[in-house]
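Single-structure report; data block below.
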């Protein structure tokens, strides 16, 4: 029987063996297709010293091997010395002590990779002592609610409060005694019976310790008359933080006579009728809090006494949410040599820190790994990059994670895929990464020659296994890093050392993207091996792009060549118009095309180069590549590269200098492994060096020992904020490294948003390097209040937020409103000239700004006033001097006249003179008068004088009678027909005397001298008066009139003509020669003629000339 059984077994052996192999193979494929998961996470625990702690971890699939970590270190199974036991995914701490507290993680491993759980924190329970305090006396109005506060000591977990009331310990609310979650005791409707001593105690539910306060509070209940409402608790505004899902009680206790009524409002709206809120007396209770419960709550008390709304207190409630993490895919397959991008959506409040892990090992940024809070990018994927990737998020209230499995495929399928794509579409080959990332695009030109579709495995130049052939060398890029085109770029290259025993190039892969702060997706193009040119299109103007390209042969991806370039800027229409107008204004004959010529009048150092890009050269060296900008009018002579270590505070260090301008890339050697660096570049010409370029992105030198820096916990502290102007706020802060166990930081994040915004997405972020402790936030809105907070960060993540500061920008300055002129009302403005209308005025023209208009007007007015004063002062001085001189001239000093008998012309303005029957006469200023001639003996004519306002006198036969228009000032009679001694009076000057032998004729102020041309028409003989030296002067009684009396001689001579009318004094007898019957050429009327030898005056009657002395004016 046994033999038959054995025979049957032997006959079935091949079938059983095959079945076992199939099952094993199926299990292997199942392992490859399954993504490891931790379905039950270990929970954080608080235990007393010496207590037992049990941590559980459930994984899927369950056959995975589970290990544990303590504070990031692997626990090699059970450790008796440490007191830790590990059995079937469960960790047991037999006796908790200071060595076994910390963060625990379970790690599940399988051939496809490893996954780690979220950290579980194990801490020791403790209860501290009460702080020393003094006794407080609490007074409350009868019928109101009293509050006894208890300041609980520090406890972990939170201690429970107990009160000693009337020699009895109260552990829960009872009667009119309410024990609140905050630890306060509220005594409702207090009365005289509630007076007494109250004491509180703290109870730790884990250690079961009880500690009592060292001081007591005394309650007094008083009886008062009417009293306004007041809030006795809380004494000031409060900020409450609650975790999502928990209940919240906001306390508000008011006092007053009569007892006040308490109302609640949230963000300005009443909470009455809100489903989630209830009232516990005057306190507000919120069940199962959520994010929408965050906001500002207002408690207001009013009893009708005093000013309404005076008793108000505010609560600022923040609901914290544990993180939620989601990832789009659970599995991803990427061909070798291509890039993979993993996105991670993280939610939570406060914003969680994000940690990326591969096979349960934390990742740090490097040239191939680009990490951010929302995405992980892996460049040039290879077999070593396969595994399970985790996005783990953590904040103050919890942690969460998501998992994706990343697999790679061999590049040998690439030619086949390329051939299939080309045969189907007739376009250049699609990059293999297009299969892994559908968003990536293929850009190229159609109908390109097809490269070889396959390479036989027997070919000596293309071995079948990867690694047996040498990878292709990096192509040589020939294109310039700058282009004038705004939306395209011509990429040109050539292979390096093609042939030389290497496998032939099958195709090229070109990747390009815009260089921004957040990594964008690469645009990938596959190019045939015989094509060495590619036009990149649909680019943004004035933007910086980076290009990576590599050649592929049967050995896979070759070495990578990199270049960065900048597209041309698109000129703005208004800028072009202003430039053309400026050129036409400066040189009307110049054409707009001349604007393209450089302006050598503006010479300066070069502009700062663009931000450099960093690529790996070796384990301890990198390539720094940059693009120059403007040269400042002189050619760039050299470049210099500087670097800075991010984990150390210090200045920038010169890496290399004297780099020729033909080189736009340099290798920096001697870098420390595991150290993060930033690089920047300067350009130099003969006028100096440029400003430094923007620092490069952090670069971590590979070969690090694997140490992971923990994220900083404590953030910075903002110490100062100030509004610099209407769009800029400056802030300063302090950071204490000791608060984070001297954990190195890379820099700070500054968040700001308008204060009136409640949306966290409105926050904008600025990044500042770690060695700076001040920053200016620009491009803000005028007269707007902003909330400002900060974080510090390093490779491990971001710290907690700092304190929040509120600062308001300054108001925008008015554009000349106070000094604006009113619109014209009398006359409209003059229309501009045709030239002004037709000629365009550029923006660079000298136009007064509206804000300068008031100052311009004030300056013009003041300048005009000063000019008028300066002009008027000399005129007044001249006028005064002229009057004074005129008065002195009329005084007739004898010694002042020269012997040539000069005279001053005094035109007697007024009506013009007339002639009648050939007889001339003179006209006065306000009337007409016939001139009187004065005839001396021997026929010497003296002259004629006309006085204003005189009636006409008939001097010659047939002369017309003239009618005066005004009353006469001087009345004069014809001396030949009869003489009136009272009709002529001469006014003497105030300082003259008869002894001086001179008289002063006072003429009107507006009188002038008039020159009468001599006429040959003779008049009849006239009898003219002449002043006599021996004359008397007397004052008429009761009259300010001086009378000068003299004997006028008469002479009968030949006909005479009217001569000149001077008003002067004859200095000597030489001025009038009378011998031989000659005429005196000039002679003043009314002048004093002394009785000098050779002169005889005919006797005649006494003549009186009367003048009224006018007031002296200056």
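Glycine too: its Cβ is placed from the backbone N, Cα and C atoms.
Residues annotated as compositional bias 'Polar residues' in Swiss-Prot: 972-986.
Cβ contacts within 10 Å of residue 57 (disulfide bond), excluding its own Cβ and spanning all protein chains shown: 23. The disulfide bond annotation in Swiss-Prot covers 57-106 (among others).
The annotation disulfide bond is assigned in Swiss-Prot to 150-200 (among others) on the grounds of sequence analysis. Residue 200 (disulfide bond) counts 25 other C-beta atoms within 10 Å of its own C-beta, drawing on all protein chains shown.
Counted within 10 Å of its Cβ, the other Cβ atoms near residue 299 (disulfide bond) come to 23, all protein chains included. The disulfide bond annotation in Swiss-Prot covers 252-299 (among others), and the record cites sequence analysis as its basis.
Among the features that Swiss-Prot reports, disulfide bond is placed at 344-391 (among others), with the record citing sequence analysis. Residue environment of residue 391 (disulfide bond) contains 25 other Cβ atoms, counted within 10 Å of its Cβ in all protein chains.
Across the domain 'Ig-like C2-type 2' (129-213), the prediction's mean pLDDT works out to 90. What Swiss-Prot lists as domain 'Ig-like C2-type 2' is 129-213.
Residues or ranges marked as domain 'Fibronectin type-III 3' in Swiss-Prot: 712-812.
Reduced to three states, the DSSP call for residue 65 (N-linked glycosylation site) is strand. Annotation comment: Swiss-Prot describes 65 (among others) as N-linked glycosylation site, evidence class sequence analysis.
In this structure, residue 76 (N-linked glycosylation site) belongs to neither helix nor strand by DSSP; it is coil. Within the same chain, no residue at least 6 positions away from residue 76 (N-linked glycosylation site) has a Cβ under 8 Å from its Cβ. Under the heading N-linked glycosylation site, Swiss-Prot lists 76 (among others).
According to Swiss-Prot, the N-linked glycosylation site annotation covers 98 (among others). Other Cβ atoms within 10 Å of the Cβ of residue 98 (N-linked glycosylation site) number 8 in total over all chains.
Summarising the annotation, Swiss-Prot assigns N-linked glycosylation site to 189 (among others). Neighbour list (residue 189 (N-linked glycosylation site), Cβ cut-off 8 Å, at least 6 residues apart, same chain): 143, 144, 145, 176.
What Swiss-Prot records for 275 (among others) is N-linked glycosylation site.
Taken from Swiss-Prot, the feature N-linked glycosylation site applies to 517 (among others), supported by sequence analysis.
Under a cutoff of 8 A between CB atoms, and with a sequence separation of 6+ in the same chain, the neighbours of residue 725 (N-linked glycosylation site) are 809, 810. Under the DSSP three-state reduction, residue 725 (N-linked glycosylation site) is assigned to coil, being neither helix nor strand. Positions annotated as N-linked glycosylation site by Swiss-Prot, on the basis of sequence analysis: 725 (among others).
Residue 759 (N-linked glycosylation site): 8 other CB atoms within 10 A of its CB, across all protein chains. Feature annotation from Swiss-Prot assigns N-linked glycosylation site to 759 (among others); the stated evidence is sequence analysis.
Feature annotation from Swiss-Prot assigns region 'Disordered' to 422-474 (among others).
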* Sorry to bug you, but what's the C-alpha spacing from residue 65 (N-linked glycosylation site) to residue 150 (disulfide bond), rounded to the closest Å? => 51
* To do: Using C-alpha atoms only, work out the spacing between residue 65 (N-linked glycosylation site) and residue 299 (disulfide bond) and round it to an integer in Å.
  => 57
* Which numbers of helix, strand and coil residues does DSSP report for the domain 'Fibronectin type-III 3' (712-812)? -> 7 helix, 47 strand, 47 coil
* Structure fact -> Here the recorded positions are 57, 98, 759, and the Cα closest to that of residue 299 (disulfide bond) is found at 759
* List the same-chain residues at least 6 positions away in sequence whose Cβ sits under 8 Å from the Cβ of residue 252 (disulfide bond), in sequence order, or say none. => 231, 233, 234, 262, 264, 282, 283, 284, 299, 301, 313
* What are the non-local neighbours of residue 106 (disulfide bond), defined as same-chain residues 6+ apart in sequence with CB under 8 A from its CB? -> 38, 42, 55, 57, 59, 66, 67, 68, 69, 89, 91, 116, 117
* To do: Please spell out the DSSP helix, strand and coil residue counts for the domain 'Ig-like C2-type 2' (129-213).
  => 3 helix, 38 strand, 44 coil
* Asked: Roughly how many Å separate the Cα of residue 98 (N-linked glycosylation site) from that of residue 759 (N-linked glycosylation site), to the nearest whole number?
  -> 43
* Of all the recorded positions given, namely 344, 391, 759, which is spatially nearest to residue 200 (disulfide bond) at the Cα level? -> 759
* To the nearest whole angstrom, state the Cα distance for the pair residue 759 (N-linked glycosylation site) and residue 391 (disulfide bond). => 25
* Which ones in the same chain are close to residue 344 (disulfide bond), with CB under 8 Å and 6+ residues apart in sequence? -> 325, 326, 327, 354, 374, 375, 376, 391, 393, 402
